[in-house]
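Peer 1: Marked as domain 'SAM-dependent MTase RsmB/NOP-type' by TrEMBL: 132-425. Annotation source TrEMBL lists S-adenosyl-L-methionine binding site at Cys241, Ala242, Ala243, Pro244, Gly245, Gly246, Lys247, Asp262, Asp288, Asp304. Feature annotation from TrEMBL assigns active site, nucleophile to Cys357.
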Amino acid sequence: MAEETARGGAARLVLGVTEDRQSLGDQIQSGALSRLAPPDRARAQRLALATLRNLNRADAVLKPFLRKAPPPAIRATLRVAVTEIFAEGAAAHGVVSEAVDLARRSGRKTEAFAPMVNAVLRRAAETPAEAWAKQPPAPLPGWLRGRLMSAYGKAATLAMEAAHARGAPLDLTPKDGDAAALAARLGGEKLPTGSVRLTGPAQVSDLPGYAEGDWWVQDAAAALAAKALAPRPGERVLDLCAAPGGKTLQLAAAGACVTALDLSAPRMARLEENLARCRLAAETVVADALTWEGAADFDAVLLDAPCSATGTIRRHPDLPHLRDASGLKEIAALQAALLDRALTLVRPGGRVVFATCSLLPEEGERQVSAAIERHSGLVADRDALALPGVEPGWIGAGGGLRLRPDHWSDRGGMDGFFIACLRRRD
Ligand SMILES: C[S@@+](CC[C@H](N)C(=O)[O-])C[C@H]1O[C@@H](n2cnc3c(N)ncnc32)[C@H](O)[C@@H]1O
């Protein structure tokens with residue numbers, strides 16, 4: 001497939017996800033868009049994300065005009081083209097002629113399909129816009145949908161699917177905590193929880209204050225974990241699964257003495273870059289949290305555990321194509337082991353914040369109830385979750401904060417997250 005245009009790059013990314021089960025991140029990191037200039041690279045990514053969020057709509061618009069399934073590369077080109085026309089409002093003429101060109105230039109196998117691409121897209125482009133709009137949001141894969149239905153019911157699950165289709169705005173955390181000033185500076189919205197939200201496309205590194213490290217990108221839901229830990233200046237805080245460091249930055253900005261630990265050296269290198277850009281300091285350790293022999297007297301430990309990442313589908317629409325339920329048991333067992341480990345590293349009376357960017361109770365509520373059963377004297381501190389902007393209904397019976405993509409649906413949603421603050425009473 002030709003790569004030298006943003007549309008070609010987008011089709012290649014979509015194909016990589018749907019056919020090769022390769023994440024967008026991995027493809028981009030391994031150079032899938034390296035032949036494009038930076039603005040086209042960004043456009044290719046945006047278009048691939050939009051296409052993956054709208055695959056069912058694209059397929060519904062294309063279906064009446066396809067007599068049989070086209071080869072995967074052609075299908076990806078068609079899907080990207082109709083997404084650009086219907087979701088982004090691009091002029092059909094230019095989109096169709098480039099898609100035909102792409103088919104022609106992409107190799108012998110696809111060349112023969114160029115006339116078909118032309119005929120199908122010309123007719124599909126005439127489809128009334130309502131045919132696109134009336135399609136329901138893409139259903140989640142059965143393994144995930146079933147679990148969400150059991151946990152939250154049908155209406156909430158459909159609302160989450162709708163939130164996934166809408167995508168995610170860009171949320172920032174101000175280093176000095178002054179969300180009103182940052183919102184005014186960048187023309188964003190100050191969110192009730194203290195993050196700043198920007199809508200519309202933005203090149204992050206071009207925004208005022210990026211180079212100076214005045215803020216960092218962090219979803220509003222993710223920002224609540226460090227807020228629940230409420231670090232005080234001078235407190236010794238361990239960030240146990242720290243990279244790439246959004247929460248480390250929050251803890252350090254609050255004046256805590258932070259030890260940031262992560263298993264992954266490349267991810268820790270990104271954490272160090274982030275600290276340097278924001279002119280913040282933390283001790284950094286590359287180690288396995290399960291075997292690391294550190295001091296066991298931290299005032300607080302933040303455990304942002306590895307998880308299914310099902311709370312981040314708004315920004316990672318490739319995820320439902322890549323994951324299935326296999327591995328869930330293992331990751332839940334790792335979370336329990338990490339939580340047990342975190343509890344050994346905090347001083348008596350200290351606190352452990354457990355967080356995952358997952359929508360699944362087995363990676364959230366059930367982890368906390370099981371830990372409380374395993375450890376006498378351990379309690380979930382509900383008061384720690386009574387933070388500005390947190391609605392009381394988001395705090396569950398077990399004392400954990402359940403955040404979902406359909407929360408704040410009128411202001412652009414939030415990532416799915418679970419956060420609990422545990423205290424050792426021994
Ligand atoms: C959800 S991410 C952390 C995100 C981070 N807290 C932030 O706010 O930017 C989970 C991290 O856990 C790390 N990890 C996984 N297993 C680990 C282990 N056994 N010990 C330490 N870190 C681990 C991964 O490398 C990954 O960076």
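Sequential numbering from 1, following the chain as shown.
Just so it is clear, glycine is given a Cβ too, placed from its N, Cα and C backbone atoms.
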Peer 1: I want to check the contact list for Lys247 (S-adenosyl-L-methionine binding site): same chain, sequence separation of six or more, C-beta distance under 8 angstroms. What comes out?
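Peer 2: Counting only residues 6 or more apart in sequence, the Cβ neighbours of Lys247 (S-adenosyl-L-methionine binding site) under 8 Å are Ala222, Ala225, Ala226, Asp239, Leu302, Asp304.
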Peer 1: Considering all pairs of residues in Cys241, Ala242, Ala243, Pro244, Gly245, Gly246, Lys247, Asp262, Asp288, Asp304, annotated in the record as contacting S-adenosyl-L-methionine, what is the maximal C-alpha distance expressed in whole angstrom?
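Peer 2: Comparing all Cα pairs, the maximum is 19 Å.
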Peer 1: If you measure Cys241 (S-adenosyl-L-methionine binding site) to the residue listed as 'active site, nucleophile' at Cα, how many Å is it?
Peer 2: 13
Peer 1: List, in sequence order, the same-chain residues at least six positions removed whose CB sits under 8 Å from that of Ala243 (S-adenosyl-L-methionine binding site)?
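Peer 2: Same-chain residues close to Ala243 (S-adenosyl-L-methionine binding site) (Cβ under 8 Å, separated by 6 or more) are Ala260, Asp262, Ser264, Arg267, Met268, Arg270, Leu271.
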Peer 1: Please name the residue among the binding-site residues Cys241, Gly245 whose C-beta has the most neighbouring C-beta atoms within 10 angstroms.
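Peer 2: Most Cβ neighbours within 10 Å: Gly245.
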Peer 1: For Lys247 (S-adenosyl-L-methionine binding site), which of the three DSSP-derived states applies: helix, strand, or coil?
Peer 2: helix
Peer 1: Measuring Cα to Cα, how many Å separate Gly245 (S-adenosyl-L-methionine binding site) from the residue listed as 'active site, nucleophile'?
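Peer 2: So the alpha carbons of Gly245 (S-adenosyl-L-methionine binding site) and the residue listed as 'active site, nucleophile' sit roughly 14 Å from each other.
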Peer 1: For Asp288 (S-adenosyl-L-methionine binding site), what residues in its own chain, 6 or more apart in sequence, show a Cβ-Cβ distance under 8 Å?
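Peer 2: Sequence-distant Cβ neighbours: Leu263.
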